[in-house]
Each structure stands twice: as structure tokens, then as C-alpha cells.
């Protein structure tokens, strides 16, 4: 490419270059300072200062230029002549030397110091550097003294079309709504050209579409891409691939070009209505399905996407509009049909619904295309299920008086099986709600009866749960709460609200109120409490006190006279009868304690004991308290001392009956009764120490070693075993080395004098047939049954 470009440029620009070289000194050399330039063709040279005349003359420059030009990318066999520097001071005797300095001097640009010719030694690129600033000066070749002041000039690199346009920001992506009108703006592209935009047409760009017709067009100079085809449908084709070309030289032949791609995507608009996949849907559901459970899904498809594809579902017609509801699944855009109210197969077995799906976001531009909605029919079949019993009421409220008789009927609950089979129902009480078993229920008819007495003052309400169960299928169970309210009856007598103790001043006045008392009643009458107060019949003519009922249902106690004295009587007891207004009325007697006290002149109680009569003896109250404290301290010390002594002398053996443990030794030897003297030697039992002296106990290993006791003398054979055991038990209790519990040994020995006789079978007759078990029937029903079993066994043997 560079070689072809060079040949083309050489053919085109060679005459012009030759013209520049010959004409530059006369055409392009402009005066830098007009006041310092001589007229063209002058040969007087540069006038210098004549020091002898001391006359100042203007120094004039013998060359004129201001800029030079060189063509970029030019490469030939010889260096390019850019221009020539010449001064009129040069007579051609080669005494003047031309010097060049500045940008690229000596490397890119070289000057012939004799002729002043400037050559470009390298191929230049305007896009790399557009101009060079240099300085030229003429000096004496021998002395190197400047003959002229230095002059600055510019060498500009002349542009050629050597750079193709480029799309720096490509490839591009753009979007445009589908169904847009012709001329809708899509996007704008931009290409850049590194060539000189001022000189020539090298950077003048023209845009065109290479691929993408007839759908899109582009403005040649602004590079704006627009739609060129109306009603482009995204559902038919969503993405388009467009190739854009930018060409310089104004688009003429020989210009360079560059391309880029633009991917244009049609965005969705709501131009398609929803459409059900089928016009009729069938669903089935069990009648016992839980409320809110989905029973089926319907789907309305929409060719649009995103928000434009969202639809809402609604039930617009049908006989189950209040039974079912439909909602939209936000993820799948399905219509979910749910149960809104309970279903009953026995009442209605099928439903028909008309469901509508409509777009949520509608574009008004496309309303003329038709309604953006669709409908479908849904048939729902209800299937029978084994349902639990249904109570006649969701809750029950019963009332009963607290004095109701046991087994009285409080109320009744009813339930039925809603199924066609209509199974019988049995009722019961959930005992977790009636832990005290205060109520019963008839399993057949559901009547609730009272099992234990009720007390409204203990519990006003009782809440139990009644269970109804199908007899044919015990898994079908229903429950209903029953609230039982206990109604009040007048069964409690009123009494004082608290234990009152009144105080009467010795200096009190007649008619003075001593105490105001109030009464309470555990009952709760409908019209509230009204109490009647009175004194005992024998106290009606009480000479000391009287009573007065107040309007607030309280009672005032008044003194009849003055002059009460603690020395005469310190405490008075006043019984008062309190009655209520119930039916029947209840009453009780409460006693008011009135204590006589010493009071100040203002009636403030100061002392209610006999202190005033003790003080004259000479002991104050403080002294009495100190004496009493000392006595109490001495008593505490004595009690502690006695307790410690008793604890110290406590025996090692614990005689608490609750701590007695038994060590039972059993022998597989049965005695023959009192007359059997050969089966067991009673002498051994009567003298357990034996001939050899002490025998250690085998039921426990003793912790301490002790000396054996001296064996007691053998007991005569006539002694009863009971007496013998008591002796040995007394001996064990008083043995300090014995373990802290009793060790009882049971022997197969029967004492004499037994009224029942021996129960042993050892001395029975050899023939079992001689046994008669009829006597066992006299011992009770259990022994009678035992006798019958033995009698049957004997009869079987004989048979």
C-alpha cells in the first residue's frame, strides 16, 4: 500500500513539487518584518553601522520567507528539496555560511551551508508531526560572525490521504421499539479520520449502509440511523445486524473507507392480547379440601414479554363466583383457582365458571387492534369424601345453678354425619378439659349431666370440649367447645370484711362513734348486696353500746355513756348478727372486740394496757422490757444446752420404726406341726449360740471387732417360741455392736395352740382321694373357687 500510494502521489504531485521548488523563493517567502526587508531585486545588501560616522542606519534583511511546505509520506531516491535560503550579501564568493537550527535540524532537515538549500532526509508523517519550527542565520565562513540576525521560519508537512476513517466506539448496539413509524431515530455513529480536515477532502467523510436495507437508513453526513420500514414486529424478528461504512474524499472514488457494525434490537410493545391455550378446562376436587388450597391452573399465553405480557385473571360468570377465586402467579403468569368457601358434595356436585385474562398494561396506540383480553370456561366437579360429624352450633353456652342436683341435665349438643351414608354419632367429653370429671355426657343423645357439686364462688365458668365420633369410622372426629356458666344461689352468709378491733377512750362522750364496720358476702345477687345488722336478742338492751346502720351498707358502733375505765373492764365483746337479703336469707354472727384505752384530750389513743397501774410500783416500761429480754435470753441458753446434751447422749441404735429393714432368710423345709418332733430340733432355735459358743451373724459383716457375748442358758422345751423371740429381740436392741436395724429370721415352726391347725400337707394321708375341699367354701368366694378347682382336679383323676 505505501508503494502504491507513493507512485500515485508522484504521478499527481511531481509538477507541483517542481513548481514549488522554483517558485517558493519568490512566492512563499513573505516578510517577517516589513520594516526590515528591502524591496525585491535590491542588491545593496545589509547595511551595517558605520562607527566612524556615528550615524545610525537601519539594517535590512536580504531574504524574505515565513514558511515552507513539504509533502508527507514522500519517498524518492534522493532527499526532498524543501527550499533555499539566500541573502543579497552573498556575492557568490562562498564567504557566507548558512546555519540551520531548531526542530529536526541536522537529522530531518539538512541545509547546504554554501547554497542554502534545505533538504528533508526522512519520510515525514503529518499525523505524527504537522510542522517544524527552525531558525536560519548567515555567518561569515572565516570568522563565524553573524552577517544577519537569526530568522525563524516554519516548515509545514503537507497532508495526503493516507489514513482511512475509523469507528473508535464501534461496534454499536441500539434499540428501537417495534412497530415504530418510518424515520424513527435509532442511534448515531461517529467515525474519525486522522488526515488534515482543513486541507483538501482527505478527512471529509460520507456514511452509507452496506447491510441492513430495507429496514434502516443512515444520513450520509450526520451518520444518524433511522427506521426505513414501518411496522417491524419483534415477534417476527427481534434483532437486526447493520453494517455502516464511512468513506473519505467526500465519498468519491479513490477515497479510503472504514466500517462498523450496529446490532439493533426491537424492544417489545404491548401489541398482542393474551390467549388461552384451550377454551375449556376440567378440574375435580374433594369436598373436604382446605380453604385456600389450589385446585387447578389456567394459562393465557401472550407473545409479548416483560410487563407487556402480564395479565390479571378474574371470574366474570358462573354459579361458583362466591365459592372459588382466581389469582395470578407472578412467576409463571398462570391463573390459580382456589377454594374460597367450604364445598359440600351432598349440596352441589359441580360448578361452571367463566374466567377472563386481561393485560395489565395496555398501549393506547394499539387499542384499535381489538380487546386485550380473552375468556375460557372452567368446569369443576366436586367428589364425595368421608366427612367428620357436624355440630348444630359452632359453640354452646349452658347455664346451671350451683345448687343443682347431681345427674341433672344441663343441656344437650347435637351433631350429624353430612355424608350420604349418615353414620351414627357417639358423644364424649375430652377429659383433658374436665380433669376433675365434674360433668358427664350421654354417648347416644349428647345430654350433658352434672357429676359433682358445683360452687360458683370457687369457679364461675367451666369450659369443656365435646367430641363427636362416627361409629363406622372412628377417624372421623369433630370437636365443639361448651361453656358452662354457674349461676349464683344464696348459699353464703355475710361476714365482717376484716377482723375489727375497736378502741374506746376512757374520756369518750355518749353517742360517740367507736368503729364503723362493713360486711362482705361471697354470693353475687343480681341487685347487689343489702345487709341487715342487729344485736343478739340478749344484747338488745346493752347498757354500754348501740349500733346504727349507715346508708352505704356499713354499721356504726356507738357508746351509750361515758366514764369507761380500764381498771374496771379493759375489753368488751359485742356480738353482731349480719343478714343478707337473699332467698332464703343467710346470716352469721360476728363479734367485735372493743378495747378501753387511755386517750389524750384530743381523742388520740395513747395506751390500751395496764401500764398506768404498774408504773407507781417504781418500774418504768423500759425496765420491764429489759427484764423480759434477759429472761428470754436465759431461756434460750438453757434450751440450747439441753439440746446439745441430749444429742450427745443419743444411742447408736435407731429405734425408729420407719427405719426398720428386714433381712428374711427362707428355708425350703416345711414343719409337720406341733406333733412333728423329728423334722426340726427346737433346741437349736432356743439356743442359737450352740454348744460351741458364740456364732457370728451372717447377715452383715461387722465393722468393729467385739468380744462374743456369753451364751444364755438353754431354754426349757416348754417355753413358747414367741417368748424366745422377744428375748432375742431385746438382746439385739441393747447390743451396741449390732447393726442399726433389726434382723428378723423366719423359721418353718408353727407355735402351739393354732385354732386353724396345720396347713401343711406333709402329714396328710398318702391318698389324695381322701382330701375334702368343701370347707374352703366357708372361707369366702375366692377360697370357694379354689376348692372347686381342686375338686374338679380330683374328679378328673378318678375318671
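Easy rule for this one: first residue shown is 1, then count along the chain.
Using the three backbone atoms N, Cα and C, a Cβ is placed for every residue, glycine included.
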Residues flagged as region 'Disordered' in TrEMBL, choosing from 731-752, 753-774: 753-774
Segment assigned the feature transmembrane segment in TrEMBL (from 583-612, 613-642, 643-672): 613-642
Composition by DSSP (helix, strand, coil) of residues within the domain 'Cadherin' (168-276): 3 helix, 46 strand, 60 coil
